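Novice: Straight from TrEMBL, here's the annotation block:
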- B:ASP64, B:ASP98: Mg(2+) 2 binding site (BINDING)
- B:ASP71, B:GLU296, B:TRP343: substrate binding site (BINDING)
- B:GLY148, B:ASP149, B:ARG174, B:SER244: ATP binding site (BINDING)
- B:46-165: domain 'PurM-like N-terminal' (DOMAIN)
2 protein chains.
Amino acid sequence: MPEDLRNRVDRQPTVAGLSEADLLARIFPRLRMEDSHTINTVLGPGDDAAIVAAPDGKTVISIDTQVEDQDFRLLWPNGYRTTGFDVGWKAAAQNLSDINAMGARATSMVVSLTLPVDTPVSWVEDLADGLTAGIRELGATQCSVAGGDLGRGREISVTVAVLGTLDGGRPVLRSGAQPGDILALAGTVGHAAAGLALLESDVAVDTLAPAERVFVDLQSRPRPPLDAGPAARAAGATAMLDISDGLLRDGGRLAAASNAGVALDPAALARLAGLLAPAAELLGADAEAWVLGGGEDHGLLATFPAGVQLPPGFTAIGSIHALGTDEGPGVLTARRPGDTGGWDHFAH
Amino acid sequence: MPEDLRNRVDRQPTVAGLSEADLLARIFPRLRMEDSHTINTVLGPGDDAAIVAAPDGKTVISIDTQVEDQDFRLLWPNGYRTTGFDVGWKAAAQNLSDINAMGARATSMVVSLTLPVDTPVSWVEDLADGLTAGIRELGATQCSVAGGDLGRGREISVTVAVLGTLDGGRPVLRSGAQPGDILALAGTVGHAAAGLALLESDVAVDTLAPAERVFVDLQSRPRPPLDAGPAARAAGATAMLDISDGLLRDGGRLAAASNAGVALDPAALARLAGLLAPAAELLGADAEAWVLGGGEDHGLLATFPAGVQLPPGFTAIGSIHALGTDEGPGVLTARRPGDTGGWDHFAH
């Protein structure tokens with residue numbers, strides 16, 4: 001925890017003063033959900049493991065970690081302080097998005113928290129509230145937290161493993177795109193990148209207008225379109241993934257897995273970039289670069305056979321083509337042919 | 001990573017030089033298992049989520065994290081260097097143990113790795129080898145790694161979420177112990193604590209005799225008895241949990257969940273302490289304290305109705321009794337009545 005935040009919270013009770021059991025007793029009540037959310041929880045927290053229903057005999061499973069100073073800062077250059085609520089919400093959102101991207105629905109989460117001993121108890125309670133609110137407000141109507149683990153570390157780290165069900169259907173993989181398919185987007189792209197740029201700028205967060213502030217909010221609490229994944233599967237999507245590392249990089253993954261070419265429609269890109277104008281103008285930044293390289297909105301990128309009516313929430317942004325001679329799988333844009341930049345945890 | 005280890009590995013390639021995709025390409029081949037292990041993996045690594053079979057319509061799920069300098073040190077006072085293999089093995093072992101403790105069999109794991117940029121690539125490869133070897137050698141014959149996540153951090157952190165199946169049976173909970181039940185142990189207890197004491201001592205690791213070294217090995221690469229959990233369930237165990245935080249503390253949890261008293265047999269404790277004599281004599285330590293307070297062997301503590309033939313691997317170490325007037329749930333020993341010490345991540 002940065003020194004200034006450590007000082008700021010000096011008078012607050014920290015986790016150092018609590019046993020693991022005491023801390024769990026503070027967290028569990030905040031993870032309670034309505035019955036509809038716990039319908040898949042056969043056995044909840046309190047034993048060596050939890051038990052979750054898998055009605056069709058299969059469990060979809062993904063895992064994702066957020067680490068302090070890598071995935072979020074407690075204090076940003078523009079003065080914004082990341083709350084426990086933000087971190088909890090984001091942990092829920094990015095994991096729910098992985099289930100969404102298979103065309104599945106989330107059934108349960110387990111959470112492993114690593115906390116420095118000087119973490120305020122209130123920050124951890126706030127994280128539990130954010131997890132619960134994220135699950136509920138994003139519409140994961142049959143998902144709840146079934147269990148977890150607590151431990152110490154030098155930096156805050158939050159790992160969520162999320163379980164889901166395909167309701168007897170087939171998953172939508174990255175590898176099924178066919179030449180002639182429509183490429184479509186659900187949710188936003190570039191908003192979280194614009195928010196990140198604002199957080200890292202010297203424009204004080206409390207001076208932002210609502211039309212600018214919205215991007216900071218999307219970076220802190222992403223809103224993956226959880227209805228869109230199962231809807232895309234039902235509509236016959238041939239391939240799908242969530243955009244966590246940018247349109248170029250994730251589009252490149254879809255192209256590589258499907259051994260095809262992805263072409264982005266310049267008019268669609270211009271329209272998506274236009275949505276980012278308030279932040280781009282404030283910072284003198286390139287909105288299209290946010291659209292192409294920005295992840296963390298957790299929108300869905302999916303392909304559909306030509307002629308299919310796109311499900312609600314999806315708009316066409318390009319197409320799939322067969323690879324030409326000497327053409328490798330990749331993403332073509334008017335701007336940067338073949339470039340599949342974007343976010344990589346190690347090489348940047 | 002401690003400065004001296006950082007220097008030691010200065011000439012080795014680190015993860016800083018690799019993209020996430022490159023690093024995954026180094027890890028995946030080392031996670032490959034025989035077909036029998038992957039029988040439950042419907043969809044393995046490479047998409048947004050994995051898919052795992054849940055043949056009886058239920059998935060047992062647990063999650064656990066190991067953090068550098070909390071759960072292991074890269075360099076111990078006695079000179080032992082924790083290998084990536086050790087950390088991978090231990091991550092597998094302690095998670096497989098949670099599934100075992102429900103009376104279930106593991107079907108799959110997903111792994112989230114947080115790595116400092118100066119981590120040698122060879123150390124990460126070694127970790128993957130240790131995970132694979134742990135799963136295989138501990139006898140999790142239908143379990144493999146189905147997916148994962150990689151990210152950066154200031155300290156090494158390894159989180160595993162493990163999935164399992166009860167094969168249509170009922171789980172063995174902590175809460176089912178009945179007065180008159182036999183209390184039984186499978187696997188070892190106190191060995192890992194003796195190993196920890198040796199690691200933290202000034203007795204150089206390379207001077208240890210095999211009868212002493214065995215405890216260091218058990219601390220570094222625990223060997224939970226994975227056949228014992230399903231066998232206990234089949235034999236009618238009324239309650240069960242794994243001993244991860246010590247016999248007193250975990251016995252106390254069983255007592256509390258079952259609202260009963262646990263009495264440990266002094267003769268059984270003396271016999272368990274006797275097994276630790278080589279390490280206790282070397283360090284001038286109290287072997288019975290290791291038996292009562294030491295976790296991390298990941299043995300199983302289970303209760304069985306009187307008269308039941310204990311399944312292979314279990315030995316009786318005490319009994320369950322109804323609570324007397326003014327008696328709270330807890331563990332009675334000849335030595336320290338009511339004390340339920342042991343390991344707590346925060347309060348110690």
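Every residue gets a Cβ built from N, Cα and C, even glycine.
TrEMBL annotations: computationally assigned, not manually curated.
I'd like these features described in context: how deep, what's nearby, how far apart.
Specialist: Within 10 Å of the C-beta atom of B:ASP64 (Mg(2+) 2 binding site) sit 23 other C-beta atoms, taking all shown protein chains into account.
Sequence-distant contacts of B:GLU296 (substrate binding site), defined as residues of its own chain at least six apart whose C-beta falls under 8 angstroms from its C-beta, comprise B:GLN94, B:ALA192, B:ALA193, B:LEU196, B:GLN219, B:PRO222, B:SER244.
Its own atom aside, the Cβ of B:ASP149 (ATP binding site) has 21 Cβ atoms within 10 angstroms in the protein chains shown.
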Novice: For the binding-site residues B:ASP98, B:ARG174, B:GLU296, which residues show a Cβ-Cβ distance under 8 Å to chain A?
Specialist: B:ASP98, B:ARG174
Novice: Using C-alpha atoms, which one of the binding-site residues B:ASP71, B:GLY148, B:ASP149, B:ARG174 comes nearest to B:ASP98 (Mg(2+) 2 binding site)?
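Specialist: For B:ASP98 (Mg(2+) 2 binding site), the closest Cα among B:ASP71, B:GLY148, B:ASP149, B:ARG174 is found at B:ARG174.
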Novice: Write out how many residues of the domain 'PurM-like N-terminal' (B:46-165) are helix, how many strand and how many coil, based on DSSP.
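Specialist: Secondary-structure breakdown of the domain 'PurM-like N-terminal' (B:46-165): 34 helix, 49 strand, 37 coil.
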Novice: Between B:GLY148, B:ARG174, which of the binding-site residues has the fewest other CB atoms within 10 angstroms in the structure shown?
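Specialist: Counting other Cβ atoms within 10 Å of each of the binding-site residues B:GLY148, B:ARG174, the minimum falls on B:ARG174.
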Novice: Does anything in the same chain, at least 6 positions from B:ASP71 (substrate binding site), have a Cβ under 8 Å from its Cβ, and if so what?
Specialist: B:THR65, B:LYS90
Novice: What Cα-Cα separation, expressed in whole Å, is found between B:ARG174 (ATP binding site) and B:ASP64 (Mg(2+) 2 binding site)?
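Specialist: So the Cα of B:ASP64 (Mg(2+) 2 binding site) lies 19 Å away from that of B:ARG174 (ATP binding site).
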